[in-house]
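Beneath this line is the structure, given in structure tokens, with notes to follow.
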Amino acid sequence: MSKLLYVRDHEGFACLTVETHRNRWFAAHIVLTKDCGCLKLLNERDLEFYKFLFTFLAMAEKLVNFNIDELVTSFESHDIDHYYTEQKAMENVHGETYANILNMLFDGDRAAMNAYAEAIMADEALQAKISWLRDKVAAAVTLPEKILVFLLIEGIFFISSFYSIALLRVRGLMPGICLANNYISRDELLHTRAASLLYNSMTAKADRPRATWIQELFRTAVEVETAFIEARGEGVTLVDVRAIKQFLEATADRILGDIGQAPLYGTPPPKDCPLTYMTSIKQTNFFEQESSDYTMLVVDDL
């Protein structure tokens with residue numbers, strides 16, 4: 001009967017589930033009216049870049065093809081199951097939000113959107129990124145290895161995209177998109193914490209890969225993500241590949257620390273990182289807009 005009746009069996013995941021409930025948001029909360037007026041302020045190169053990023057983000061879950069359900073069923077835990085049910089629900093909200101953004105970027109032309117999505121699948125930078133990650137997913141045999149690859153997907157795979165989108169806030173453009181990016185990147189930070197907790201609490205130390213294997217995995221992940229943004233971000237307003245690489249290295253070190261590993265780079269985050277805007281508390285007039293404050297205030301993303 002213990003499998004049928006709920007009993008709190010993992011305090012950490014029970015707390016993460018509550019945190020997810022408190023921070024729940026919906027695609028309808030993202031109003032893109034002002035963003036439509038900002039489109040004319042983007043030059044052709046910038047508009048193409050952001051079309052590419054959002055198309056990639058909208059397709060990413062299907063492209064990676066990581067079976068989270070298979071991973072979760074490895075554990076007999078009500079709280080782990082409950083948390084990942086909530087996480088999957090939030091991923092659906094992300095997908096709906098990206099669909100709304102693409103609808104705006106392509107002016108409602110579904111045929112053009114589909115043709116563009118099909119065309120970028122031949123992009124070398126995207127193919128290199130997807131192929132690398134698919135190879136890692138396929139090569140992960142043990143449970144700890146699978147969780148570590150999942151951790152990379154949550155914590156590294158989208159960082160350069162989130163960073164680049166956050167630069168629109170620096171330019172005073174796309175308030176709806178920036179709010180969505182704020183929410184989604186914070187959700188992914190929570191998902192990264194969950195994957196770290198899964199690794200730390202649900203795998204035996206004797207079964208975990210060697211430290212050298214883990215560091216090599218993270219090192220190549222940072223290289224692949226850097227190459228991705230380097231290939232696609234050239235000539236885009238404010239996109240600084242060196243700063244993004246610095247942020248990627250700092251993020252990798254933070255995640256490695258979360259799973260009890262030594263830092264790989266010793267790199268601090270860039271001084272003017274646009275994602276630090278996520279940590280600021282905003283005073284919101286209820287009658288002007290919904291509050292975008294997130295109950296999980298991130299004091300230091302890294």
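Backbone N, Cα and C atoms are what each Cβ position is placed from, and that goes for glycine too.
Taken verbatim from Swiss-Prot:
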ACT_SITE  Tyr98  active site
BINDING   Glu61, Glu91, His94  Fe cation 1 binding site
BINDING   Glu91, Glu154, Glu188, His191  Fe cation 2 binding site
TRANSMEM  147-167  transmembrane segment
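Feature map: Swiss-Prot annotations on the structure.
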residue : record                   : contacts (Cβ under 8 Å, 6+ apart)
Glu61   : Fe cation 1 binding site : Glu91, Gly95
His94   : Fe cation 1 binding site : Leu57, Ile184, Asp187
Tyr98   : active site              : Phe54, Leu57, Ala58
Glu154  : Fe cation 2 binding site : Glu188, His191, Thr192, Ala194, Ala195
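Its Cβ placed at the centre, His191 (Fe cation 2 binding site) has 22 other Cβ atoms within 10 Å. Summary of the Fe cation 1 site environment: with the site residues Glu61, Glu91, His94 set aside, the chain residues having Cβ atoms within 8 Å of the Cβ mean position are Ala60, Lys88, Met90, Asn92, Val93, Gly95. In this structure, the binding-site residues Glu91, Glu188 were compared by how many other Cβ atoms lie within 10 Å of their Cβ, and the smallest count belongs to Glu91.
Highlighted in sequence order, Gln87, Met90, Ile153, Asp187, Leu190, Thr192 have their Cβ within 8 Å of the centre of the Cβ atoms of Glu91, Glu154, Glu188, His191, the residues recorded for Fe cation 2, and are not part of that set. Annotation note: Glu91 (Fe cation 1 binding site) sits in a helical segment as assigned by DSSP. In the three-state DSSP assignment, the secondary structure recorded for Glu154 (Fe cation 2 binding site) is helix.
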